[in-house]
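Q: Would you mind keeping the following structure in view while I ask a few things?
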């Protein structure tokens with residue numbers, strides 16, 4: 001079975017020196033019958049190709065799709081000659097309303113925008129990048145021309161010019177506000193597992209203690225804050241108090257997890273997971289209905305607070321990208337320029353993704369680079385500026401809300417003042433290698449578990465799975481103080497430098513702080529440090545195992561914070577080891593005399609920061625954006641070189657041990673139709689090896705002037721293809737053009753309803769030539785729905801070139817010819833399947849239904 005959809009551009013048939021063409025206007029096809037397929041994939045177009053605009057085919061419906069819809073008038077010409085309707089007065093054009101439409105060219109009103117549903121697409125279909133961009137160009141030309149007519153038209157033109165900036169401004173404002181609410185809510189609910197503030201229950205532990213007059217309190221426990229054991233036993237110490245605290249910790253965790261999983265299951269199934277793999281797929285031109293809707297936004301926002309508060313090994317930073325994209329999608333409908341044009345809407349979604357990372361970490365520049373490097377498929381310079389502006393506004397709003405309650409907008413502010421020693425690049429690169437290994441273990445184990453969940457009965461009980469994982473996590477996490485605390489607090493503790501005020505066992509060094517102004521001396525580690533190291537190693541193993549089982553569950557869950565925690569634990573342990581080496585052997589050559597003065601020359605917190613970057617880089621395969629996010633996250637600008645070294649080492653090790661990062665791996669696991677532009681096609685196959693049908697099979701075609709209405713309806717019933725090449729004749733299969741199945745269905749239905757004399761014996765004509773007069777019924781002219789310029793390749797074209805065309809032009813299909821004669825079709829699904837087949841993977845995992 002082949003899947004065929006139109007594509008614009010290329011060379012028109014030389015037998016027809018000029019012609020108009022009509023672009024498919026609606027959601028190309030709709031639902032499919034059982035067993036049929038919706039080949040709805042697409043990618044970013046590259047602007048315009050040689051000889052005019054090069055199109056990207058729209059998504060199409062499977063067998064039996066016959067939805068009400070239609071075609072728009074042409075929005076631009078690709079044939080070098082404009083002509084008027086009088087040139088072809090007897091032509092017939094199908095519209096949504098069933099009326100005959102005129103032809104509209106540059107400078108005329110885009111009447112197609114008045115047709116309901118124009119420019120919209122069905123679920124799991126691709127967008128037609130070039131058609132949408134062409135429609136926007138025409139709309140813009142029309143507005144520019146009309147600006148001189150009246151003051152009102154001038155105002156409308158100005159509004160159109162600034163609407164993009166206004167839209168990203170609103171996205172930034174709302175994203176910052178939502179992020180502030182999520183941060184405050186998650187902090188309060190996390191502390192609720194440990195106790196409550198009786199005077200004002202809505203305050204978290206830190207805010208509750210702000211009103212206390214005590215000069216110091218242990219770990220945020222002041223007289224104003226009551227632990228659950230205090231409320232029931234009037235004591236914070238002892239076996240009974242420990243058991244009560246343990247019980248309440250597990251009970252609240254289970255309650256939060258149950259609420260999160262239930263809300264996702266009942267109201268917004270798309271609100272689960274990280275969302276970044278789906279956002280990448282959507283930004284490549286794919287449609288996933290409701291994935292960016294209002295219910296997904298609400299449930300994801302509430303659910304991520306509940307999931308984080310449940311103590312699961314996950315973070316809220318990844319889902320913030322999804323939440324921001326939901327906000328961008330919803331607000332884009334306030335501006336028809338974006339809301340009714342899917343290609344333009346993706347400019348707003350790219351900016352929203354940048355704002356999501358900006359508010360997640362307080363890293364606006366890193367957010368822009370993350371959108372550019374990791375999620376966006378099509379990122380013109382205009383989008384870069386708007387993403388920068390959007391991320392700036394979002395970070396400013398979050399800073400104004402000040403959810404962290406400090407003067408820093410970054411998540412983990414550090415105050416290191418020691419330069420790093422050149423030799424330390426060796427352990428930093430070593431941390432990168434370790435990070436790459438940990439990341440590869442995590443990715444492979446998580447994919448194995450997700451695949452098992454997907455194909456076993458476990459997937460039928462998502463809420464039960466969430467509760468079981470939450471219970472096990474809570475039971476294991478509470479006894480270890482480093483797993484009991486909030487993961488963000490743990491990372492901050494691991495990043496921080498030991499000083500006078502730090503009472504954690506990690507800072508149990510044999511130091512005497514006699515002069516607060518003097519430099520911190522290097523010292524031997526006390527028993528508290530060794531105990532803390534063992535607890536951290538246990539925490540590393542526990543968090544790695546629990547994150548494997550947590551990521552992919554049916555609750556909102558991000559991966560940034562758990563990855564940072566894994567790396568920070570590893571880095572802190574290595575840093576302590578290096579510090580003790582410098583203490584015991586200060587004069588060896590590797591320390592270059594830096595450690596012989598007695599000052600603390602090694603900063604374990606810096607190793608934690610480098611390790612965190614190494615694991616996160618190995619998991620996501622980010623490089624540039626990761627380094628920028630890390631130094632924005634911590635304020636450690638002087639440590640860019642160690643971060644770069646670790647990030648590159650981690651990426652190289654990760655790429656050597658496993659080809660894909662976690663997001664690309666989950667895209668492949670879910671079968672999303674995504675052609676990654678970063679991959680290379682290294683095989684030597686030709687177009688003839690991939691095209692459908694094979695050389696000894698028959699290709700379903702429509703002839704230009706010899707098939708009747710009944711013949712075409714029979715062809716539509718007997719085949720499931722989504723489009724058909726139009727050829728000169730059955731014997732002479734030279735290519736004339738290409739038509740969509742959906743457009744043919746609509747044209748035939750409207751012709752029977754609107755035109756007198758059309759019967760099953762009427763000839764269907766796809767040419768401008770007058771048919772020979774006969775005594776039979778009047779012919780039906782459908783040249784207006786014919787794409788006269790489909791992209792073609794020869795059967796000897798290397799597949800490397802074909803794959804590049806699909807990636808960079810966002811094609812849906814290309815027609816294969818030999819000496820001008822039509823041989824077959826290559827669709828995007830064929831390309832995806834071929835790539836998987838050549839990589840020895842299952843080609844049937846590609847999702848189109």
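A Cβ is built for glycine as well, from the same backbone N, Cα and C atoms used for every other residue.
Any TrEMBL annotation is an automated prediction that lacks curation.
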Q: Would you mind telling me which of 276-293, 384-401, 402-419, 492-509 TrEMBL tags as transmembrane segment?
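A: The range carrying the transmembrane segment annotation in TrEMBL is 384-401.
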Q: Pick from 421-443, 559-581, 582-604, 605-627: which stretch is listed in TrEMBL under transmembrane segment?
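A: It is 421-443 that TrEMBL annotates as transmembrane segment.
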Q: Are the transmembrane segment (348-372) and the transmembrane segment (295-314) close enough to be called in contact, which here means at least 3 C-beta pairs under 8 A that are separated by 6 or more residues?
A: no
Q: Tally of helix, strand and coil residues over the domain 'CBS' (691-754) according to DSSP?
A: 24 helix, 17 strand, 23 coil
Q: How many helix, strand and coil residues does the domain 'CBS' (786-843) contain under DSSP?
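A: The breakdown for the domain 'CBS' (786-843) reads 23 helix, 18 strand, 17 coil.
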Q: Ranking 162-184, 239-261, 384-401, 421-443, 532-553 by the number of C-beta pairs under 8 Å to the transmembrane segment (320-336), which range is first?
A: 162-184
Q: By Cβ distance under 8 Å, which residues at least 6 away from the ends of the transmembrane segment (532-553) in the same chain are close to it?
A: 261, 272-274, 312-314, 438, 441-442, 445-446, 449-450, 453, 462, 465-466, 469, 472-473, 476-477, 480-483, 487, 490, 504-506, 508, 559, 562, 565-566, 569-570, 572-573, 576, 662, 666
Q: Using Cβ distances below 8 Å and needing 3 or more such pairs, separated by at least 6 in sequence, tell me whether the transmembrane segment (295-314) contacts the transmembrane segment (458-478).
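A: Counting Cβ pairs under 8 Å, at least 3, so yes.
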Q: Find the average pLDDT over the domain 'CBS' (691-754) in the predicted model and report it.
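A: Mean pLDDT, the domain 'CBS' (691-754): 84.
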Q: Residues sitting near the transmembrane segment (421-443): Cβ under 8 Å, six or more positions beyond its termini, same chain?
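A: Same-chain residues near the transmembrane segment (421-443) but 6 or more away: 544, 547-548, 563, 566-567, 570-571, 574, 578, 590-592, 594, 601-602, 607, 610-611, 613-619, 641-642, 645-654, 656-658, 660-662, 665.
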